[in-house]
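Pulled from TrEMBL, these are the features on record:
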type     : residues  : note
DOMAIN   : B:146-209 : domain 'CBS'
DOMAIN   : B:210-266 : domain 'CBS'
TRANSMEM : B:292-312 : transmembrane segment
TRANSMEM : B:324-345 : transmembrane segment
TRANSMEM : B:366-388 : transmembrane segment
TRANSMEM : B:394-419 : transmembrane segment
Number of protein chains: 2
Amino acid sequence: MPEIEEMTEIEIEYEALLTQLRENDIDGFREDFLDLHTYEQSEFYSDLEEADRDLLYEVLSPEEVSMFFDSLEIDDDEAYDELFETMDARYAAEMIGRMQYDNAADILNKLPKSKVTTFLALMDRADAAEIRSLLNYEEDTAGGIMTTEFVSLSSLMTVREAMRHLKDVAQDSETIYYVFIVDEKRKLVGIMSLRELIVADDDEYIGDIMNERVVSVFVSDDQEEVAQIMRDYDFLALPVLDYQEHLVGIITADDIMDVIDEEASEDYSRLAGMSETEKTSDTSWETAKKRLPWLVGLTFMGMITAGMLSFFEDTLAQVVLLGAFIPLIAGMAGNTGTQSLAVVVRGIATGEVDASSKVKLVFREVGSGLITGLTCGTLIYLIILVMYQEPTLGMIVAFSLFVAMTVATFIGTLIPMFMNRIGIDPAVASGPFITTGNDIVSLMIYFTLANIFMAALL
Amino acid sequence: MPEIEEMTEIEIEYEALLTQLRENDIDGFREDFLDLHTYEQSEFYSDLEEADRDLLYEVLSPEEVSMFFDSLEIDDDEAYDELFETMDARYAAEMIGRMQYDNAADILNKLPKSKVTTFLALMDRADAAEIRSLLNYEEDTAGGIMTTEFVSLSSLMTVREAMRHLKDVAQDSETIYYVFIVDEKRKLVGIMSLRELIVADDDEYIGDIMNERVVSVFVSDDQEEVAQIMRDYDFLALPVLDYQEHLVGIITADDIMDVIDEEASEDYSRLAGMSETEKTSDTSWETAKKRLPWLVGLTFMGMITAGMLSFFEDTLAQVVLLGAFIPLIAGMAGNTGTQSLAVVVRGIATGEVDASSKVKLVFREVGSGLITGLTCGTLIYLIILVMYQEPTLGMIVAFSLFVAMTVATFIGTLIPMFMNRIGIDPAVASGPFITTGNDIVSLMIYFTLANIFMAALL
């Protein structure tokens, strides 16, 4: 449906729901609300004011609330804390316990320690144990995004037994579209899709028809790597192993869609020199507060450039026209450097750039810097010759542009590679810092050349 | 498995396969090759040289080749054409006909018209008709990424009949995890997940238990919008309707993962001022050729800046130190402008920024520009006072920085919004162009202010 119309339609429904809730039309509200998709329920819920939320908890069971909490997306960690301020602790504990375990762990990770302890203590013991096991993993790893609610079977079952088992556990599993076959020591020995199960003959043994070539990840593997594997193989679910190769969880496609989006947005924000915590709903103050650390840092870097240029004050005083080309040279070096940076950052993120292709890529980038630098340099020489009739100035600007663009590709390629080597996410080598760094280097080249050829300019 | 080890392991397997293929060990090769995951088969295939590919076609059936062609990912359209140069036309036609229809259409879209006509003519008639129907849709729309291989049921079937039907059609459907219920006019009336089918009682009627609230998209909807809906709702498959609301196809999660990645990479490339056709495997020449149009454009824009500055030559000659702060002011305006640009581009892409929130966002951004401009301006004033003991110069630089940063947020916000309004993808308002535009505006402000206060500087 076209987005505009759909939005309006659903907004009218939300309004009607709010009226029912406030006027205490419990049956009407429950009927209409529970008829919504859980994503829509979560959207309705996250727009509610505190008083209305409290009303909601009175008319919905913890289990009903847990359904849409699984879909709830709130970027701001503090906001989660506020949600639980007015929710009864017992109610909250039961609600969280009934969420999908991976989502429950994600929420608990955002709450203060004291609350986590309280909720886990009040929760059903089995649920608490499952969730606690997930809390131990780093947020950005396979362990941090996996869920423990998967279907595991024995290889000694027949297809018929497997299907019956699936029917029983379907409600408690995040996905039943892949089943995982484990041996008596919980080691993963095979995998089958539900499609294969459905097509198979009822009396066959799982062990005879399962796929024994299983692609899996370890709990500590980075989520970006996991996303890459799922994308490449088009998996809907991927098994996660601990270091004894026990099957401890699975990662499902819906979680991975979020990861792909998250990682790409992160890289994008960094290229623009922003914090990834920025939200479009932030106020001017909040936005300014998040951007200021970057901008203040860049102001200081800008002062380094200014300090260096004031060192060349005499040169500039003698040939004032030199100043007119400062933005051009600094800007072009910044642009080519950012291009190289972007290639390396995305290449590392998608796994296209690895140890073997690194050296090749440096040569490729510098080669492209030489070619583009030569082209733009020649162009600028001709323009200056025609517009200003200053062949020497033209030579200096052109040669500086050529050298600066080449060096910029080198810097733009090497810095993110170096950061990756020493274990820092190369995306933090943000665009603006590379640009400002290239300002300094390129202008140094420009004024040094100008100084050397000064005699010819006067 | 840790990536490094796994890669090595699989590379050894690929090597062994290549030897089998070249030494004509047909049975050995077939056994090992067909045991690979189709993604791995496609990886092996895309690294092959032409002569080896020809050998491969001799030992594999068109159907076997079609399996991994579904997973094949080649960014370069010309490379697809080359693949079919040596493949027998009849073989190629049968192979493409046996691919998933959406993937087959994607490949045909990349081939020259004459080849498409030949292949469609040689193909099984039913397959050709299905594929031809998909060729009509724009590549970036729901129609362009959907497949026609879905499972549709009548609401009058029982669960038992539905499961039996599923068993029959499982092989020919891209997914059986969602089934779509249509009336006698092919209108979509309901949807069920396989999980719901499995849990349901065998004798129930589909019409009684299906979900009638169906979220769907139209064939012409943009793929980015479709991705957003699938992400929000965590769907594994989404129905696609024509304008008579007939069900014509479905979009599956694996296609959407590619879309999310593709769209994010596109925005990212544009922010860095690059063409999205760039590949890490390009040579220096190819890279330079793709980047030169941008860089030459930016050189000309840089000449505008230089021309404007040479207009202020006298001012610069009188107070040479003014030149030292050119990179700082231009750079900071560029940075803040890029931040605003990035917020708007991503906000529009993810749907967070719509008509109602646009005005608010402009005020938010300009507000943040005022605050950060005031802070960085004050900072720079103090630094210049301490380092150069030049209060007037400090005032001019500080005030220019303040105005330039505020104006830059305004420009950075408005330009992508304006582009979106007139129907151009705002992501083409690339970072470098906004930056260079802001160079000109900010330096104009700087030198105008300097001119006004010139008397005080001398």
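Start at 1 and count along the chain as shown; that gives each residue its number.
From the backbone N, Cα and C atoms, a Cβ is placed for every residue, glycine too.
Not measured: the values here are computed from a predicted model.
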PLDDT averaged over the residues of the domain 'CBS' (B:146-209): 90
Considering the transmembrane segment (B:324-345), which listed stretch of B:292-312, B:366-388, B:394-419 counts the most C-beta pairs under 8 Å: B:394-419
Close approaches to the transmembrane segment (B:394-419) from elsewhere in its chain (Cβ under 8 angstroms; 6 or more beyond its ends): 322, 325, 328-329, 332-334, 336-341, 343-345, 348, 358, 361-362, 365-366, 368-370, 372-374, 376-378, 380-382, 384-385, 388, 425-429, 434, 437-438, 441-442, 445-446, 449-450, 453, 457
Folded-back contacts onto the transmembrane segment (B:292-312), same chain, C-beta under 8 angstroms, at least six residues removed: 273-275, 326, 330, 430, 432-433, 436-437, 439-440, 443-444, 447, 450-451
Long-range environment of the transmembrane segment (B:366-388) - Cβ separation under 8 angstroms, sequence gap at least 6: 321, 328, 332, 336, 340, 394-395, 397-399, 401-410, 413
